[in-house]
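Sequence annotations record features per position, and here Swiss-Prot assigns UDP-N-acetyl-alpha-D-glucosamine binding site to T13, G14, G15, N127, R168, S200, I251, Q296 based on sequence analysis.
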Amino acid sequence: MEQYKFILSGGGTGGHIYPAIAIANELKSRFPNCKILFVGAKDKMEMQKVPQAGYDIKGLSIAGLQRKITLQNAMFPFKLLSSLVKSFGIVQQFKPDVVIGTGGFASGAVLKVASILGIATVIQEQNSYPGITNKLLSKKANKICVAYENLEQFFPKDKMILTGNPVRQDLISVDGKRNEAIDYFKLDANKKTILILGGSLGARRINQLIAKEIDWLLSQNVQIIWQCGKLYFEDYKPFSGKENVQILSFIDRMDLVYAAADIVISRSGASSVSELAIVGKPVIFIPSPNVAEDHQTKNAQAIVNKQGAILLKESQLDSEFKFVFESLLNDKAKQEDLSKNIKQLALPNATKDIVDEIIKLVESQKS
């Protein structure tokens, strides 16, 4: 069997890293002797998470543009040029059959270099509103795997395939894990469990909200699992002294925490939205306003338009959060409707479908 080679690039947050790892795992399961190399951004979380998953990674000195004038922005052109030069070296030395980008600081440089060198590229666009980098790269990409319908205004229609976003395979069957989850997190089986998710790095405004309202929330006879993110863990750790509250910087067993959850309060990054659709939990999305193209609001709105979630903007939290949360908590029919509707939007075979497209691309080149 021919030994295929693949470069995967994506990072900065878990939402870009875990889809890339899921794709790598599926490629490895189909082609056990294939070679896989990751390219990420130095000092970002992929430099730890990818080796933990068993793959080699090279780091580029690249970071995104800030929204205000900073020294980092002044350095951006030099870092971009340096990353392009280093990407040339990496791609030419490794000689991949296909380069796959899942978003993040490094993937733009690697995909650009691959397309210049005539190497096949696949973009995995996770959001309902693509960023400028992927829009530019799409002109030369061979395939664009998307997670939302109606993206023809951004990408060439003949290159697009609706696949969904890769999610951890252990999330596909969480329904039967509730008892295990209750034991694992030492929960009270008679109380509703509220899961607070701020993404891998944490969400400052959601953390502030929960800290302010925690006594009121607990008065609703619920228990709380609060993933505050590694950036904020020390600030909010003291709340773990309260009864029925667990504070976690990061959650390793997402399958069990979803199985335990009755209601989820979450950011609406692409991976979070895809995971919540797979597990089918009633969710209140609080999008981050501090992301490119306001894509989190657009991701959440795409689900709300199908009656699959509730959307609260950060500007609405002080005036509306209590009413919205209490109304949902006390309305079993509403919870069931949201669960049913969001689950209908799930694309559980995304990883397999993306790898199918990658293999078609490889085989078309060899023929």
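Glycine is no exception: its Cβ is also placed from the backbone N, Cα and C atoms.
Feature map: annotations from Swiss-Prot on the structure.
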{"residue": "T13", "record": "UDP-N-acetyl-alpha-D-glucosamine binding site", "contacts (Cβ under 8 Å, 6+ apart)": "M45, G104, G199, S200, L201, G269"}
{"residue": "G14", "record": "UDP-N-acetyl-alpha-D-glucosamine binding site", "contacts (Cβ under 8 Å, 6+ apart)": "M45, K49, G199, S200, S271"}
{"residue": "G15", "record": "UDP-N-acetyl-alpha-D-glucosamine binding site", "contacts (Cβ under 8 Å, 6+ apart)": "G103, Q126, G199, S200, G269, A270, S271, S272"}
{"residue": "N127", "record": "UDP-N-acetyl-alpha-D-glucosamine binding site", "contacts (Cβ under 8 Å, 6+ apart)": "A147, Y148, A270, E293, H295, K298, N299"}
{"residue": "R168", "record": "UDP-N-acetyl-alpha-D-glucosamine binding site", "contacts (Cβ under 8 Å, 6+ apart)": "Y18, A22, M254, D255, E275"}
{"residue": "I251", "record": "UDP-N-acetyl-alpha-D-glucosamine binding site", "contacts (Cβ under 8 Å, 6+ apart)": "I225, Q227, V257"}
{"residue": "Q296", "record": "UDP-N-acetyl-alpha-D-glucosamine binding site", "contacts (Cβ under 8 Å, 6+ apart)": "R267, S268, G269, F285, P287, S288, P289"}
10 Å Cβ neighbour count around S200 (UDP-N-acetyl-alpha-D-glucosamine binding site)? 24
Please give the maximum pairwise Cα distance, in Å and rounded to a whole number, for the UDP-N-acetyl-alpha-D-glucosamine-binding set T13, G14, G15, N127, R168, S200, I251, Q296. 23
Should Q296 (UDP-N-acetyl-alpha-D-glucosamine binding site) be counted as helix, strand, or coil on the basis of DSSP? helix
